[in-house]
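Enquirer: Pasting in a structure now, in structure tokens, and then I'll have a few things to ask.
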Amino acid sequence: MNNQTKVTTVGLSVKDLVTTGIFTALFFVFTLVGGIFFAPNPVLTFYMPIGSALLCGPIYLLMVAKVQKRWSVTILGILMGIIMFAAGMHWAYSLGFILMGIIADLVAGLGQYRSKKVNIISYMLLCLGGTGSYLVFFADPGSWAKTMLGNGTEQGYIDTMQETGNTWILTIMIVGTLAAAAASAFAGYKMLKKQFEKAGITA
């Protein structure tokens with residue numbers, strides 16, 4: 001019995017991997033739904049991370065509550081990065097999700113994946129992964145445009161982004177993403193209060 005307990009607490013079981021996979025799929029779908037209003041418009045695309053962060057909080061937090069082990073969040077971040085890269089997103093978008101997935105996992109682990117406040121912070125950090133592509137856009141617009149043209153983005157779309165992408169938008173995007181993620185997480189805890197109490201999630 002002791003050996004079984006040690007195995008299940010140290011590594012992810014098959015059930016944990018399946019759970020992670022299911023919630024990653026849901027996370028991906030709701031990320032698309034949250035960003036679908038913004039992404040097609042070159043003026044509004046900068047706010048896509050905000051829209052995505054607003055919907056995925058309950059999904060992320062419920063996954064953390066069900067698994068409560070290291071690597072689950074990391075796997076989510078890696079899978080999101082791979083899927084988004086395959087879908088034609090800028091490499092920095094994918095890298096952002098992978099890096100912030102690892103960081104979010106480490107942060108959630110500080111609360112043993114059972115702390116409400118720490119899990120919320122973890123989700124907020126993960127959502128910043130969606131800003132990766134835009135950070136490169138502002139840092140090196142020429143290189144960003146070249147990559148996106150290679151990925152099939154129309155020149156007119158890129159030109160409009162470069163014309164309207166003022167630096168103050170970057171501040172709004174980051175602050176807005178953090179605020180939307182926090183609101184989504186708090187709403188998630190309210191909606192799924194019984195499930196979190198059953199999982200032993202504390203304040």
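Including glycine, each Cβ sits where the backbone N, Cα and C put it.
Note that this is a predicted model, so its numbers are computed, not measured.
Per TrEMBL, transmembrane segment is recorded for 21-40, 46-64, 71-89, 95-113, 120-139, 168-189.
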Enquirer: So what's near the transmembrane segment (46-64) in sequence-distant terms, Cβ-Cβ under 8 Å and 6+ beyond its ends?
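Expert: That would be 19-20, 23-24, 26-27, 30-39, 72-73, 76, 108, 113, 119-120, 122-124, 126-128, 130-131, 134, 161, 165, 169-170, 172-173, 176-178, 180-181, 183-189, 191-192, 195-196.
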Enquirer: Quickly jot the same-chain residues contacting the transmembrane segment (21-40) by Cβ under 8 Å, restricted to those at least six beyond its ends, or write none.
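Expert: For the transmembrane segment (21-40), the far contacts come to 46-56, 59-60, 62-63, 66, 75-76, 79-80, 83, 130.
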